[in-house]
Amino acid sequence: MSQTLTRNFSIIAHIDHGKSTLADRLIQFCGGLSEREMEAQVLDSMDLEKERGITIKAQTAALAYKAQDGQIYRLNLIDTPGHVDFSYEVSRSLSACEGALLVVDASQGVEAQTVANCYTAIDLGVEVIPVLNKIDLPAADPDRVAEEIEDIVGIDATDAVRASAKTGIGIAEILEVVVKQVPPPRGDENAPLKALIIDSWFDNYVGVVMLVRVVDGVLRPKDKIRFMASGTQYLTEHVGVFTPKSVDRPQLSAGDVGFVIAGIKELKSAQVGDTVTLVDNPAGEPLPGFKKVQSQVFAGLYPVESHDFEALRDALTKLQLNDAALQFEPEVSQALGFGFRCGFLGLLHMDIVQERLEREYDMDLITTAPTVVYEVVQKDGTTINVENPSKLPELSKIEEIREPIITATIFVPEEYVGNVITLCNQKRGVQLDMQYHGKQVMLRYDLPMNEVVMDFFDKLKSTSRGYASLDYEFKEFRAGDLVKLDILVNSEKVDALSLIVHRATSVYRGRELAAKMRELIPRQMFDVAVQAAIGANIIARENVKAMRKNVLAKCYGGDITRKKKLLEKQKAGKRRMKQVGNVEIPQEAFLAILQVSDK
């Protein structure tokens, strides 16, 4: 099929605006799957994706559509994730397209991630087509939302297609608009091969499956290929397309989107955004935009039973096959034993990895509080990255600590603006911009990432009754007045409870945390002191009172010296017990850090 009859497009939308349902309808309309094979959210292959109603991995479908002009077009639909944690995947999916459907819920209006992804599309030169979805809802107000799109995003929405993916209204119109407005791919079949990896995942039977967009050249089975970022070489076995079932093809030529299987054993070789070329006739330079995915949030994962350590290593290694952004390395904690320090893209990513470990691999896990990476400049001029607070050098060796700052874009209805501004100020935010668009307000803030990973998202939702939406991107490392807060139980530091906090809130955080720990640590046969310390200074102390056996119960009357002797004996025993006694710290105590709110 010639390039003039090919259209590559993706769908961008905020979570819950009906992106996956619309993809289902388009596949059904073009006859991609029979009635029997059709199921809800057909492109979301993971159970977790369906349950949470989110798309995590990018998927594609090649559809044949007979347009009103009588021609049969091939439409390549690339489904993108909508969540802020997966924004790099979105930018790769969009760079493989010439057009994008901007799906906006006609009852809710424009939200933060819609805008962020739409700007990414415009920067990449992608033709954006607005679609108003869910017009069958009683609360739908398409005219207001069309105005919002023009006002906030700045694209003409007067002819926006009005559709309802649930009932099937407007699906034919969407396909016609795609054919008319999305430009055909421009690629040279005779040039050296250049193919962009949009996504890759691990299949138990064939190894790594790569989803690619061929930009120039032709890719056939038995070709010798090379990845330009990692430099590794492989021999292709199969090439083909998803309809969304996989169908083998004799070749993929310029403008096509399809899959490549080349007997690759690990995902690290096929990184998202890398360029594939031929060994015999290589391209001069790779496609732009590739970057190695950096972990933003770190947390310790420890097995509850220490003999599960190897099982956890296996589970993480298997997950990494399907999730190149997950990084982990072994670490030892005095309090929790052997475990792993894992790096994630964001809190949702961390949540999903944890849930998949528990669900798919039956692991019982203890998770420490999430932290971010700090840049520490030492007195000798060297700079080190610290992702675990317990690894922070001594204060005497530190020149300054720099924390990661993000720029957050928040959309919120005007009646909740006050609450959101108060919240951002509590989190040490600096306001950059504030714009009113109809009833919506757009706020832009610089916020320390450390404050965001704790509980910012939950609080944002609760102060705005769920209406606020958030998108953020990393900005820079900035020096801050930060200190390390240690928790001591029975005069021993518990490394897994250490935190890096701002000096202004450190005393309050220390008191709150000590009080919380007092409630959670079970009572022992001796007094247990819980202390919060900054360096050598103790800033807060709470006591967990001892349980006491009544040793005088057997003395009926009798001499007072007899009673004193028994009490002294008990006292000496308690003193001895305190010296050798171990205090078991329950899992809830490690999560208590998350619940310590700011003032």
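In case you wondered, yes, glycine gets a Cβ from its N, Cα and C as well.
Since this is a predicted model, take the numbers as computed values, not measurements.
Here Swiss-Prot flags 4-186 as domain 'tr-type G'. The domain 'tr-type G' (4-186) scores a mean pLDDT of 73 in the predicted structure.
There are 32 other CB atoms within 10 A of the CB of ASN133 (GTP binding site), with all protein chains counted. Taken from Swiss-Prot, the feature GTP binding site covers ASP16, HIS17, GLY18, LYS19, SER20, THR21, ASN133, LYS134, ILE135, ASP136.
For ILE135 (GTP binding site), the number of other Cβ atoms no farther than 10 Å from its own Cβ, over all displayed protein chains, is 19. Under DSSP, ASN133 (GTP binding site) is assigned to a strand (E or B) in the three-state scheme.
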